[in-house]
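Trainee: Swiss-Prot lists these features:
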| type | residues | note |
| --- | --- | --- |
| SIGNAL | 1-24 | signal peptide |
| TOPO_DOM | 25-796 | topological domain 'Extracellular' |
| CARBOHYD | Asn44 | N-linked glycosylation site |
| CARBOHYD | Asn48 | N-linked glycosylation site |
| DISULFID | Cys51-Cys121 | disulfide bond |
| CARBOHYD | Asn114 | N-linked glycosylation site |
| DISULFID | Cys173-Cys225 | disulfide bond |
| CARBOHYD | Asn216 | N-linked glycosylation site |
| CARBOHYD | Asn271 | N-linked glycosylation site |
| DISULFID | Cys272-Cys331 | disulfide bond |
| CARBOHYD | Asn400 | N-linked glycosylation site |
| DISULFID | Cys473-Cys562 | disulfide bond |
| DISULFID | Cys493-Cys514 | disulfide bond |
| CARBOHYD | Asn553 | N-linked glycosylation site |
| DISULFID | Cys606-Cys674 | disulfide bond |
| CARBOHYD | Asn610 | N-linked glycosylation site |
| CARBOHYD | Asn660 | N-linked glycosylation site |
| CARBOHYD | Asn707 | N-linked glycosylation site |
| CARBOHYD | Asn711 | N-linked glycosylation site |
| DISULFID | Cys720-Cys772 | disulfide bond |
| CARBOHYD | Asn751 | N-linked glycosylation site |
| TRANSMEM | 797-817 | transmembrane segment |
| DOMAIN | 866-1181 | domain 'Protein kinase' |
| ACT_SITE | Asp1045 | active site, proton acceptor |
| MOD_RES | Tyr1071 | phosphotyrosine |
| MOD_RES | Tyr1076 | phosphotyrosine |
| MOD_RES | Tyr1226 | phosphotyrosine |
| MOD_RES | Tyr1227 | phosphotyrosine |
| MOD_RES | Tyr1334 | phosphotyrosine |
| MOD_RES | Tyr1338 | phosphotyrosine |
Amino acid sequence: MKRDFTFFCRIWIGIPFFSGLVNGFSMSPPTLDNTKDQLVINANDTLNITCRGQRILDWSWPEESLSKVEFTDRQGQQSPTDTPGYREIRLKECQGVAGKPYCKILILTNAQANDSGYYRCFYKDIKAVIDGTTAASIFVFVRDPEHPFIKRGDNDMETIFITDSETHIEVPCLVSDPDLKVTLFSLVPYPEPVDGSVVTWNNKKGWSIPRHIIQNTSTFIGFYCSISVQNSQHTSSIYVVQVIGLKFYEFKLFPEDSPVELMQGESLVLNCTALVDFNTGVDFQWDYPGKKENRLASLQPLRNVLDEATEISSILSIRNIHLDDSGYYTCWANTLEMKRELTTVVIVHEKPFISLDYRNGSVIEAKEGQKSVRLSVKVSAYPSPEIQWYKNGKLISSKNSSRFKVQQHSLQIRDVCKQDAGEYMLVLKNSPAALEKRLNFTLIVNVPPQIHEKEAAPPTNLYGKGTRQILTCTADGSPPASISWQWRPWSPCDLERTRRALRRRGGRDQSPFCHNWMDLDPEHAVNPIESIDTLTQMVDGKEKTVGRVVIQNASVPAMYKCLAENRVGKDERLIYFYVTTIPEGFDIEMEPSEDPLEQDLVQLKCNADNFTYENLRWYRLDPQTVPPELDCKSLHQYATFLEGQLSFQTTSNNWVLQLNITNIQLQDEGNYVCEVQNRRTGVKHCHRKYIPVKAMEAPRYRHNPTNHTVNVSESLQMNCDVEGTPFPQLSWFKDNQPLHQISGILLQDSNRTLSIQRVREEDAGLYTCSACNQKGCVQSSATVSVIGSDDKTNVEIVILIGTGVIAIFFWVLLLVIFCNVKRVNPADIKTGYLSIIMDPGEVPLEEQCEYLPYDSSQWEISRDRLRLGKVLGHGAFGKVIEASIFGHDKKSSANTVAVKMLKEGATASEHKALMSELKILIHIGNHLNVVNLLGACTKPNGPLMVIVEYCKYGNLSNFLRAKREFFLPYRDRSPKTQSQVRRMIEAGQASQSEHQPSTSSTNPPRVTVDDLWKTPLTIEDLICYSFQVARGMEFLASRKCIHRDLAARNILLSENNVVKICDFGLARDIYKDPDYVRKGNARLPLKWMAPESIFDKVYTSQSDVWSFGVLLWEIFSLGASPYPGIQIDEDFCKRLKDGTRMRAPDNASPEIYGIMLACWQGEPRERPTFPALVEILGDLLQENSLPEIPFNVSQSSEDDGFSQASSRPPSQEEIRLACNTLPTRYYNCVPFAGCVMVGPSSTCHSRVKTFEELPMEMTSHKTQHDSQTDSGMVLASDELERFEHKHRGAMLTTATTGQSTDRLISCPSVSSSGSGGGLLRPVFFTQLSGQTFYNNEYGHLSEEGVSDYFSSSDQAV
C-alpha cells in the first residue's frame, strides 16, 4: 500500500526480482579431509583431522574433560606434558586453499575408548552450529577390546526420564567399536533378552525401544546391554526408566485484578489455582499480613481432574476484614521440579470517599481533524462511583455518538469536529453514601481543511489499460470546501523550482512543484472523461465534500491533481495515473491446469510488458545441483536453457514466451524459471514456477460389488467403488449387455452408483461394472435375485398416494410459516456494532467482533483469482502462503500477495478467531507503513483466506544484518534524490488528517526500482526506516491500538525502501483497559519492554515509545541484539528501573542517541509522543539528504541542537531532545535526555549510567525442567514473578527516590525564539564488526495453547 504524498527514500531504476529465488549470498560449510561419516582407530593411536572453510574455525569433541591447546606453525608443535594420565586436544593452524582460506587441524594423541563420539568443526563467529551449513562432523570410534562400552562417568546406574507423550525410549549403550554385536536385556525383574525385531540399533546412539514394551509388564525395572569380546563378557550401566509429569500449564490467583479493594468488615476470598500435568503433586503456601499475628483465616484445598490435566486449588478466606489486613498476599505452588508464586495487593478502606481534580487544566484546545482529544481528571474513590458526562447540560451517551468514548474517568472525543466545542461537566456519584463531585471543562475547536485520501491512498498507482477508473477526493472543512480538478501530461516535475519552493515555504510543502497544470475539461481530456461530480455526503457522522472524476477508458498515463479550498486554507492531492497492461510487468501462467497428469500437454507462458522488459528466456533448474539460495545472476550455472516460442501481443503491448511440454513425464517435474532483462537498467529478473506431475495409475477396486436379493417393488442400489489416475470411465452391463439410464434406473455420481427405484422380476440377472482409463480396464460382477410377484394391491397404491399428499401439505404449511417470520434488519446489526465497540467495558473485544460488519462487495475476492505458492510461515493455528492474485478475467497479470489461512483440521473457534482478525484489520484501516489488508475469501465453498500485502525483503532485522558488509555511511546525493527526500518528509509532517480505511481491496502495484540487495546501505536509509516506523506507529496510536511487541523482527521491508509494521493484530483497543494486565504467563520480549510493562504489566502508547527507542538501537547497530553480552536476570531489571541504559551504537549520531534516551525515560509521561518523533526524525532525514559536511568541521560551543534554517520556534519536545545533541561521544558517561522545562530555559540530568559502566555479574540461576530461559534473553518464570512482587513491595513500603548522578555537563539554555547554531553532520564511528546475534528474544513462560493470551501468526510475510 502506498500513500499519495510519499516519495520513497531511494528511487532506483529497475524492478526487484522474485524473492523466492534470492535471499542473499550463500556460504559453503567447512570440509574435512576425511569425507566419510565415521572413522575407526585403535586405542592409543593418534587422531589427526584437518578442517578447511571460509571463516574462522573451531573444534568440539565428546570428552569434555580434555583441555585445549592451540598453536600455529610459527610456534611449533610442543610435546605433551609428561604427567601420567594427562591428555589434551591440540589445535593447529594450517595453510588454507583457494576459496577456503582458513584451516585448523585437530590432534589427539593416546586416544582412549571414551574419546569415541562426534568431532565437529564449525565457524567460530556464527552461533548457530548446523552440520552441512555452518559445521562439518565425523563420528570417531576408538576401538578398545578391554573397554567396549563408552562411559562418561563413574555411575553404574543411570535414569532415563520420559513423559507420557513419548512413544520411544532411547537407551544410550554407546560402543567404541562399530562392528560389535550388542545384546539388549530388560530387567523384569530378572534379565531377559529383548526381541530384536521390535527394537532398533544405532551404533552412534544406542537402542531405540517402543514404549509399549514397558507398558505390557508391571514388573519392569530397567535395561542394560551386554557384549562378548574375546571370550570376555562386558555389561553397560543399568538404565532405569522413570515416567514423570512435569508440565505446569497455568497458575493464577483470583481475583486477577490487582489491587483488590474492600470495605472494612467485608469478607476476603482469594483462590490460588494451578493447572498441572497428571502425576504432579503441588504444595500450596500462603503469606499475608495477619499470618504472624495468627489472624483467623481458613484454607480450603480443592482438586479437580480434567480431561487433559489436573486443576488444584487453595482458597484463602478471611471474614470481617480489618484495616490491618491491607498489604501483600502471596501464594506459592511448589512441585518436585519447580516453584511458582503469585502476589496480589489487598487494600481495605475505612469508609467510602471520592477525590477529584483536573489533570491538564479546565480549558482544552483541539484542531478540526485531530485524531482525538481527551478530557482527563485525577480520581481516587471507593467504591467505584457512577460516572456521568454532560455536554452543554445534556447527558452524553456512547449510544448516541460513536465518537465519544468514556474510559474510566476520562472522556475521549475522536475525529474532532467543530460541533464538539462547548461546555463539558463530569459528575461522580455514590448514591448509597450520599457523595457527589463535579468538574467543568471548556473545549475550544480550531478548524483546518483536509483531503483524507492523502493518508489512505498511494500517490502512484498502476491502472489497467482500457478499464473504467474513478478518482476520488474527500474533503471536509468549515465552511465546506470546494473541489476543482487539474491535469498535466506524464513528465518529470521541475526539480530546481521544487527546491526553491521548498526553501521559500520553510520545508513544509505537501507536494512537488509541477508546472503546466491545466483545468480538467471533459471535452478535451487525454483519457475520456465520463463525468466530473462534486457532492456533499455524510461520512462518519460529518458532512464532507466529495469530488469524483470517472475515467471511461484508461489509455494514456497522466498526472491529476484535486484542490480543496475554503476561506480558511487549502489542500491538494497529486495522483500519478500510470496505465499498463500488466500491473506487475512480469508474470508466469500455466495451462491448462496447475496440477497436470502424466502424458498431459503443459503450456508455460512468460508474459512481460514490452515497455519494461526484453530478452525473455526459459530455463529448467537442476534439482541435484541447485543451492538453497540462488541469485538470478548465477542462474545459468545450475539451469538448462529451454527453447520457447516468442510472440508479441500488439493489443496489449506484451511479449509472450510460450514453453510447450508435450506428453509430460514424471521426470519433467521441477522448477522452471523465466528470465527477463530490464530495458533501461539491463538488470535481469527471474520468476520461478514449480510444475508438479501426477503419475497415472491403472483402475482398481477398493470394494467389489456384492450380490443382492431384493423383493419386488423395493429399491436397489449398487456401488462401483474404484480408483485410479486419471479417474476411470465407468460403464454398467446387465447380462453382458450395456445398461443405460432409463425411467426407473438411475446412474449417478459419474456412474459410480446404479439405482433401481422399483425392482421388477426382469431386473434379476448378472450386473457388471467396467472401469477404464489410459492405464487399462478392470471389471467386477454381482448377481441380483428378485423375490415375489409384480402384482400390487390397490391398498398399497392408495397408501402411497395418501402419504404423498400429506407430505406436500406439510411442506406448504412450513413454507408459509417460514416466510412470515420476522427477519433481523442488517441496519439494526450495524447500529448495534457501533454502540458496542465504543463501550468494550461492557462487552469484550472478542465478542464485539461478532457484530463487526463484513462488506463482501468491498472486500470479497473470488478464490479463482488466487494461485497459491510456497508456505512463508506457520502460526499457532494457521499458516501464511505466498500467492498470486489475478484480475477478474484471470488472463491479466498477477500481483504477489500473502494469504493467511487455517491449517487442516482447524476447529470452529480457530475459524472464528481468524474471522475476528479479518474484521479487526478492516476496522483499523490502511496505512503506507503497516501491512495492510487487501481482501478475503469467506464464502463457504472453500477455506477462509485473509489476503494482505506481500513484503519481498523479509523483516528489517535480518535485512540489516545481511547488509553490514555493504554499509557506507554516506553516498553521493543527486539533486533529484534530495528533492524526493524533502518532499517525503514534508508530506508526512504537514499531514494532520485522520487515517481513513481504504475502500479499495486491490493489491498495490510495484514501482520500478533497483534491487535493495544490490545497493549500499547508508545512514540516510537508517534514518528513513526510523522515520517510517514512527509514522506507522503514529497511525496505530491514532486508531487506539497498542503494539506491545515493536521490534525490528516485526518490521517488514518492501519495495522502494518502504517499511511496514506487522503483527499489530496483537494490539488491543486502548479503551478496553488502559492498564492492560496480561492474563497468565506469556512469552515476554523483556529487552524491548518498558519498566512499567515489566513490573506492573501496564501497556500504553508510551510503552510502545520505549520499544521504539530499542528499535532505533537495533537499526543503528545494523541488526544487533539489544543489550549485547548482558545476562537478562533480576539484576538487569533492577538496574533498568534505576536508570541504567544502553550506550549509543557506533552508527548513531548524538541526535539519534538523544532520541533513544528520550524514549527510555523512566516516567512514561516524559517520553515523546509518536507525532513528535515523526516531526524530529523528519527534520533529521531532511538534514541528512543535504550535501556532505566534512568530518573535520566541529560544532560551535553555542550550538543548541536546532537548525538555523527553521523559522519557527522550537517545540517543547525538540527543546527536551536538544539536550542530547552534544557533538562529543560519551561511552560510560553519556548525555541524559531527561530535561526539565523551567520557563524559557531547560535543565538536564547531566549523566546516565550505561551497562558498560557497571559490569554485570554473570550469575547462574538453577531452573530445572523449566524450559523458560533462552540464551539469557529473558528471566525464568519463577525469577520474573519473584522480582515483580519484590518490586511491588518496595513501592508500597518506600517512597520513590530519583537516581543521583554526578553533574558533568550543563545543558545550555534555549531561548524562546529557538535560534542557535545550525546542526552539523555528526562524526559517525566505525561500523559493527559483523558479528551476527542469533539469540532467541523470547522465553517460554507457559505451554502453547493453554494460556488465554491472544496471539496471531501472521506473515512470514
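Glycine too: its Cβ is placed from the backbone N, Cα and C atoms.
Tell me about the setting of these features in this model.
Mentor: There are 11 other Cβ atoms within 10 Å of the Cβ belonging to Asn44 (N-linked glycosylation site).
Under DSSP, Asn48 (N-linked glycosylation site) is assigned to a strand (E or B) in the three-state scheme.
For Cys51 (disulfide bond), the same-chain residues lying six or more positions away in sequence with a CB closer than 8 A to its CB are Pro30, Thr31, Leu32, Asp33, Leu57, Trp59, Cys103, Lys104, Ile105, Leu106, Cys121, Ala136.
Long-range Cβ contacts of Asn114 (N-linked glycosylation site) within its own chain (separation 6+, distance under 8 Å): Pro62, Glu63, Val142, His147, Ile150, Lys151, Arg152. Under DSSP, Asn114 (N-linked glycosylation site) is assigned to a helix (H, G or I) in the three-state scheme.
Cβ neighbour count for Cys225 (disulfide bond): 26 (other Cβ atoms within 10 Å of its Cβ, all protein chains included).
Other Cβ atoms within 10 Å of the Cβ of Asn271 (N-linked glycosylation site), summed over all protein chains shown, number 16. Following the DSSP three-state reduction, the secondary structure of Asn271 (N-linked glycosylation site) is strand.
Summarising the environment of Cys331 (disulfide bond), the number of other Cβ atoms within 10 Å of its Cβ, over all protein chains shown, is 24.
When Cβ atoms from all protein chains are considered, those within 10 Å of Cys562 (disulfide bond) total 25, not counting its own. Under the DSSP three-state reduction, Cys562 (disulfide bond) is assigned to strand.
In the structure as shown, the Cβ atom of Cys493 (disulfide bond) sits within 10 Å of 17 other Cβ atoms. Mapped onto three states, the DSSP output places Cys493 (disulfide bond) in coil.
Following the DSSP three-state reduction, the secondary structure of Asn553 (N-linked glycosylation site) is coil. The C-beta environment of Asn553 (N-linked glycosylation site), restricted to residues of the same chain at least 6 apart in sequence and closer than 8 Å, consists of Gly466, Thr467, Arg468, Asn527, Pro528.
Taken residue by residue with DSSP, Cys674 (disulfide bond) is part of a strand.
Under DSSP, Asn610 (N-linked glycosylation site) is assigned to coil, being neither helix nor strand in the three-state scheme. The Cβ of Asn610 (N-linked glycosylation site) has 17 neighbouring Cβ atoms from other residues within 10 Å, across all protein chains displayed.
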Trainee: Tally every other Cβ atom lying within 10 Å of the Cβ atom of Cys173 (disulfide bond).
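Mentor: Total other Cβ atoms inside 10 Å, all chains included: 27.
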Trainee: Under DSSP, is Asn711 (N-linked glycosylation site) helix, strand or coil?
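Mentor: The three-state answer is strand.
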Trainee: Can you tell me which of the recorded positions Cys272, Cys331, Asn660, Cys720 is spatially closest to Asn711 (N-linked glycosylation site)? Compare CA atoms only.
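Mentor: Nearest in space to Asn711 (N-linked glycosylation site), counting only the recorded positions, is Cys720.
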Trainee: Tell me which of the recorded positions Cys514, Cys674, Asn707, Asn751 sits in the most Cβ-dense spot, judged by other Cβ atoms within 10 Å.
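Mentor: Most Cβ neighbours within 10 Å: Cys674.
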Trainee: Rounded to a whole number, how many Å is the Cα of Cys514 (disulfide bond) away from the Cα of Cys562 (disulfide bond)?
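Mentor: About 14 Å separate the Cα atoms of these two residues.
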Trainee: Cys720 (disulfide bond) to Asp1045 (active site, proton acceptor): how many Å between their Cα atoms?
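Mentor: Each residue's Cα considered, Cys720 (disulfide bond) and Asp1045 (active site, proton acceptor) end up 58 Å apart.
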Trainee: Spatially, which candidate from the recorded positions Asn44, Cys272, Asn751 is nearest to Asn610 (N-linked glycosylation site), comparing Cα atoms?
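Mentor: Considering only the listed recorded positions, the nearest one is Asn751.
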Trainee: Roughly how many Å lie between the Cα atoms of Asn48 (N-linked glycosylation site) and Cys473 (disulfide bond), rounded to a whole value?
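Mentor: Computed Cα spacing between Asn48 (N-linked glycosylation site) and Cys473 (disulfide bond) is 76 Å.
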Trainee: Mind checking which of Cys473, Cys720, Cys772 has the fewest other CB atoms within 10 A of its CB? They're the disulfide-bonded residues.
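Mentor: Among the disulfide-bonded residues Cys473, Cys720, Cys772, the sparsest Cβ neighbourhood within 10 Å belongs to Cys772.
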Trainee: Using C-alpha atoms, which one of the recorded positions Asn707, Asn751, Asp1045 comes nearest to Cys493 (disulfide bond)?
Mentor: Asp1045
Trainee: Inside 10 Å of the Cβ of Asp1045 (active site, proton acceptor), count up the other Cβ atoms and send me the figure.
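Mentor: There are 21 such Cβ atoms around Asp1045 (active site, proton acceptor).
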Trainee: Taking Cα atoms as reference points, which of the recorded positions Asn44, Cys272, Asn707, Asn751, Cys772 is nearest to Asn660 (N-linked glycosylation site)?
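Mentor: Comparing Cα positions, the closest of these recorded positions turns out to be Cys772.
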Trainee: Given the disulfide-bonded residues Cys225, Cys331, Cys473, which one's Cα is the least distant from that of Cys772 (disulfide bond)?
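Mentor: Nearest in space to Cys772 (disulfide bond), counting only the disulfide-bonded residues, is Cys225.
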